[in-house]
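Asker: In case it's useful when we look at the structure, here is the feature table from Swiss-Prot:
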type	residues	note
SIGNAL	1-19	signal peptide
CARBOHYD	Asn48	N-linked glycosylation site
CARBOHYD	Asn164	N-linked glycosylation site
CARBOHYD	Asn201	N-linked glycosylation site
ACT_SITE	Arg204	active site
DOMAIN	261-296	domain 'EF-hand'
BINDING	Asp274, Asp276, Asp278, Thr280, Glu285	Ca(2+) binding site
CARBOHYD	Asn282	N-linked glycosylation site
REGION	352-395	region 'Disordered'
COMPBIAS	363-372	compositional bias 'Low complexity'
COMPBIAS	373-386	compositional bias 'Acidic residues'
Amino acid sequence: MRLTPSLISCLSLLHFTSALVAFPGAEGFGANAVGGRQGVVYVVSNLNDSGEGSLRDAVSQPGRIVVFSVGGVIEITDRIVVSKQVTILGQTAPGDGITVYGNGWSFSNADDAIVRYIRIRMGKGGSSGKDAMGIADGKNMIFDHVSVSWGRDETFSINGDVSNVTIQNSIIAQGLETHSCGGLMQTDGGVSLFRNLYIDNKTRNPKVKGVNEFTNNVIYNWGGGGGYIAGGSDGESNVNVIGNYFISGLDTSVTAFTRGNENFHAYVETNYYDSDKDGTLNGSELGVDSTNYGGMDLVTEKYDYPAVASVLSPDDALTYVTKYAGASKVRDSVDTQLVAQVESYGKDGALISDEADMGGAGDLDQGTTPTDTDGDGIPDDAEAELGTDPNTADSMDLDTSGYTFLEVWANSLVPSSYA
């Protein structure tokens, strides 16, 4: 029996309730991730690879909200493995925020992860054949304003028994040659991709199989392997592809959509493609015809998946992504270069095999560690504004909103919407 859009929608929404969203502005399949809200606070107080006060130690145990009293580059040798029910709030770091450089991260079985405003840059010294970020199993995760780059296999991939994941407002960039892949998004459990930038990946921008919502993304300078690739024909896929902008770059030699088949069912609407590499943004809408979408089976009814609150036009999506995607509280040198490539509209961009071509991870202002008398993760001056006690560790108490006071403070540091 072929699954209809309405049946797929019912199945996919069984999990989706009116529960508190992960943070104001959380959307999609992963919007209800809980993170470490029912656990304890852990303050990352140094840039060490391991040991007390390190980020690696912070995420090694379940049930933690992780905040930062220091900014800068954390250089790691081995992969970081994240436990269940962990919230990582990179926007709390002083200075220019946090970059983690040198190897990748595993979120396999990291149920209920919430990750915001952090840069994960693997690099050629990372583990061979591994992703910069990967999820092989797990459920209920959301990644917001994450900048991930330089994977040695995929840059950000989701495979296996995975359900209810959102990647939003993020940058997935420069998988290293010779593989150079944006990532696989291959699960029947539901993945939402909203307002992201895929850039300088030879292929898999992304490669999709299963249940997927792909809305208001920008894809720039994919190589000969392909832009948005439809997954294999050995199983059913049911996707929405809405309001995206594809822009050819110097390395682009194939069309935006490839490898469609009769089992890849897609609802498509208002997707733009600028293919001429002339330095001017002048894309046009792809007609709703299977030949424009790599031979996908196009359906007329949109799958009723958890959607964005407001769908942008492709032009507005491009403006949004170039202004705000990635760890954009403070843009580092890498993301600044990547956005400049997009805004060259075909005249700049490169597939790379060595992050040195981008200047490496770069330098970050570490900022000044704020005074936190009770050590509960909220600086004293912020406690005064919140009405909490700077002499009592009360940051994990619940506010009337349902969030912990720690989350309320962290959420106040960044906009919930950029509309």
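Just so you know, glycine gets a Cβ as well, placed from its N, Cα and C.
What you are looking at is a predicted structure, and each value in this text was computed from that prediction instead of being measured.
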Asker: Restricting to the domain 'EF-hand' (261-296), report the mean pLDDT as a whole number.
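Answerer: Result for the domain 'EF-hand' (261-296): average pLDDT 98.
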Asker: Given a separation of at least six residues and a C-beta threshold under 8 Å, show me what packs close to Asn201 (N-linked glycosylation site) in the same chain.
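Answerer: Expected: Thr155, Ile172, Ala173, Gln174, Gly175, Ser180, Cys181, Gly182, Trp222, Gly223, Leu351.
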Asker: From the Cα of Arg204 (active site) across to the Cα of Thr280 (Ca(2+) binding site), what is the distance in angstrom?
Answerer: 25
Asker: Fill in the CA-CA distance, Glu285 (Ca(2+) binding site) to Arg204 (active site), as an integer in Å.
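Answerer: Answer for this pair: 22 Å between alpha carbons.
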Asker: Would you list, in sequence order, the recorded positions among Asn48, Asn164, Arg204, Asn282 whose CA lies within 10 Å of the CA of Asp274 (Ca(2+) binding site)?
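Answerer: Near Asp274 (Ca(2+) binding site), where near means Cα within 10 Å, the recorded positions are Asn282.
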Asker: Could you measure between Asn282 (N-linked glycosylation site) and Asp276 (Ca(2+) binding site) for me? Cα positions, answer in whole angstrom.
Answerer: 9
Asker: Identify which of the recorded positions Asn48, Asn164, Thr280, Asn282 has its Cβ surrounded by the largest number of other Cβ atoms within 10 Å, counting every protein chain shown.
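Answerer: Of Asn48, Asn164, Thr280, Asn282, the one with the most crowded Cβ is Asn164.
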Asker: With DSSP assignments reduced to helix, strand and coil, which class does Asp274 (Ca(2+) binding site) get?
Answerer: strand
Asker: For Asp276 (Ca(2+) binding site) and the residue listed as 'active site', what Cα-Cα distance in Å is obtained after rounding to a whole number?
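Answerer: Rounded to the nearest whole number, the Cα-Cα distance is 21 Å.
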Asker: DSSP on Asn164 (N-linked glycosylation site), three-state: which is it?
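Answerer: Note: Asn164 (N-linked glycosylation site) is in a strand by DSSP.
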Asker: These are the binding-site residues: Asp274, Asp276, Asp278, Glu285. Which one scores highest on other Cβ atoms within 10 Å?
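Answerer: Max Cβ neighbours within 10 Å, all protein chains included: Asp274.
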Asker: Would you count the other C-beta atoms found within 10 angstroms of the C-beta of the residue listed as 'active site' for me?
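Answerer: Result for the residue listed as 'active site': 26 other Cβ atoms within 10 Å.
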Asker: What Cα-Cα separation, expressed in whole Å, is found between Asp278 (Ca(2+) binding site) and the residue listed as 'active site'?
Answerer: 24
